[in-house]
């Protein structure tokens, strides 16, 4: 059985940056956000169901899902969020578990923003949390996604608080510093964790 390291953190914490550093070391990465995008690509059955429910205006001109519009819609209408989650979550979980089962590397990095909220930590042998100050989260998310502070604060409120997240952590990467100046530090931390996870995985599979 592949050793599973669950990677999580709040919005704007830098999960993708950390995941890419592990990926550069040859570690297979399964990202819930990537899976969520892949299962609703143009022409997919799930996208058709989303269009039937929300209408054609939820699409971009090229026929792809307009994620910004969808995000704003479910922010304004909680009942739509419930419907969407009921549609997508089983499909996302099924695809992630399929990908986990076919891995042959000693361990896999499983990137799930709502790892704790969706009670998925039980699937992990180790939990790695990317931790930042709430102010950093807001600043980064606003710059990255061009979202309103209202929407970002709403997303943060829907996630577990920082203290709760840290209680689930076996390992923590502090990521408040500016990325450009802090990248060597992050690379070194990821390399240290990589060696640690290889040892743990090899011990489990011995």
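Backbone N, Cα and C atoms are what each Cβ position is placed from, and that goes for glycine too.
Note that the coordinates shown come from a computational prediction; the quantities given were computed from them, not determined experimentally.
Feature annotations, reproduced from Swiss-Prot:
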- 12, 13, 14, 15, 16, 17: ATP binding site (BINDING)
- 4-204: domain 'DPCK' (DOMAIN)
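Structure coloured by features recorded in Swiss-Prot.
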{"residue": "12", "record": "ATP binding site", "Cβ contacts under 8 Å, 6 or more apart": "132, 136, 137, 138, 139, 140, 141, 144, 152"}
{"residue": "13", "record": "ATP binding site", "Cβ contacts under 8 Å, 6 or more apart": "130, 131, 132, 136, 137, 140, 175"}
{"residue": "14", "record": "ATP binding site", "Cβ contacts under 8 Å, 6 or more apart": "130, 132, 140, 175, 179"}
{"residue": "15", "record": "ATP binding site", "Cβ contacts under 8 Å, 6 or more apart": "7, 8, 9, 111, 113, 130"}
{"residue": "16", "record": "ATP binding site", "Cβ contacts under 8 Å, 6 or more apart": "31, 111"}
{"residue": "17", "record": "ATP binding site", "Cβ contacts under 8 Å, 6 or more apart": "175, 179, 186"}
Confidence summary (mean pLDDT) of the domain 'DPCK' (4-204): 93
